[in-house]
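According to TrEMBL, the feature domain 'Major facilitator superfamily (MFS) profile' maps to 3-387. Residues or ranges marked as transmembrane segment by TrEMBL: 31-59, 66-84, 90-106, 126-147, 153-175, 211-234, 246-264, 276-294, 300-318, 330-352, 364-383.
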């Protein structure tokens, strides 16, 4: 429980990071005098960091182990936010977001793999872990919306840097730089099929077709989630005459996501996780269409919150379903790769949104989100059903 609680705080800060941009994007554009396309470069830099982390994760884990690598990721984020806090030149912010992407990639890979390989109650633990993400994403816009209205908006990142300093200390105190197998053995949580993935298993991981399908789904899902939470504020301000308080809509979205991850677990089990995801996606698309065509600020805010509720259970379903279709002796490496590529979606899709907004206006956000959700459903249809996997 101590291990899980510590990782939940790490995931809480992951959600905090992903939901930060929404209320601050208009303020960043005004401060630096840049448009949608240029401000989206921070997402490009995050993408570079995420992808770099995805490919280096297995090597770093083999060399240093879980306990050291996850702390390195947290420390990098602490440094990155400290670089942004003075409100320096925009290129410095881009460099900092590269570090953020790399650090997040390492942490995301390890906490997902650590919890997914739990000996008992893995689905519940995954739901709790990822609900912490939604909670962090709920709180962040409430705070960043206030800073977006202040002259020294960048001071917000002092809070982020401080929290990651605390997180780094907690990760080191609890896990003491040890390898995953050693930590789990001490807590009697070591699955008999679990094995640390060594660097010479890259080839085996990349040859598994399901890994790439799940990675694509994760990239689309995380990208849609962060795009809605980030760009909806700009969309509402420009098309629905919203004020800076529109940042609270982002909090409503992530509040729905948190509730969905906790309170829809029973429904997932009742109707089957694979079928549930199709139903959630279809309903989310319908609601997103109403945000597109109904010119009402209140309706849009409520609809976005319910979209969050429906999107919430999808990532826990993905993580749990992966444990049933991937070889368990490669599970840690596979989950690290899937989650890292998925986390890159939080940079790729928001960047594409910025390019579209620069060319066609922010009104292009909703058709883009609807189309990505539709593709997400098609990709999920390619994911195999639960089956016996080799140990």
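Cβ from N, Cα, C; glycine included.
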Maximum Cβ pairs under 8 Å to the transmembrane segment (246-264) - stretch from the list 90-106, 126-147, 276-294: 126-147
Remote residues contacting the transmembrane segment (330-352) - C-beta distance under 8 A, at least 6 residues beyond either end: 18, 21, 40-41, 43-47, 50-51, 53-54, 57-58, 61, 101, 104-105, 108-110, 112-113, 116-117, 180, 193-197, 201-202, 204-205, 208, 211, 214-227, 230-231, 315, 318-319, 322-323, 368, 372
Beyond the flanks of the transmembrane segment (90-106) by 6 or more, those residues with Cβ under 8 Å of it: 14, 17, 28, 32, 34, 38, 41-54, 57, 60, 69-70, 72-77, 79-81, 83-84, 340, 343-344, 347
Dominant neighbour of the transmembrane segment (66-84) in 126-147, 153-175, 276-294, by Cβ pairs under 8 Å: 153-175
Segment confidence, the domain 'Major facilitator superfamily (MFS) profile' (3-387), expressed as mean pLDDT: 85
Criterion met for the transmembrane segment (126-147) and the transmembrane segment (300-318) (at least three Cβ pairs under 8 Å): yes
The transmembrane segment (276-294) in contact with the transmembrane segment (31-59), cutoff 8 A, at least 3 CB pairs, sep 6+: no
Intrachain residues whose Cβ lies under 8 Å of the transmembrane segment (300-318), provided they are six or more past its termini: 123, 126-127, 130-131, 134, 214, 217-218, 221-222, 224-225, 228-229, 232, 236, 240, 249, 252-261, 264-265, 268, 273-274, 276-277, 280-281, 283-284, 287-288, 290-291, 294, 338, 342
Spatial neighbours of the transmembrane segment (364-383) far in sequence, C-beta under 8 Å, 6+ residues away: 210, 213-214, 216-217, 220-221, 223-224, 227-228, 231-232, 234-235, 274, 277-278, 281-282, 284-285, 288-289, 291-292, 321, 325, 349, 352-353, 356-357
Close approaches to the transmembrane segment (31-59) from elsewhere in its chain (Cβ under 8 angstroms; 6 or more beyond its ends): 21, 25, 69, 73, 87, 90, 93-95, 97-106, 109, 153, 197-199, 201-202, 205, 333, 336-337, 340-341, 343-344, 346-348, 350-351, 353-355, 357-358, 362
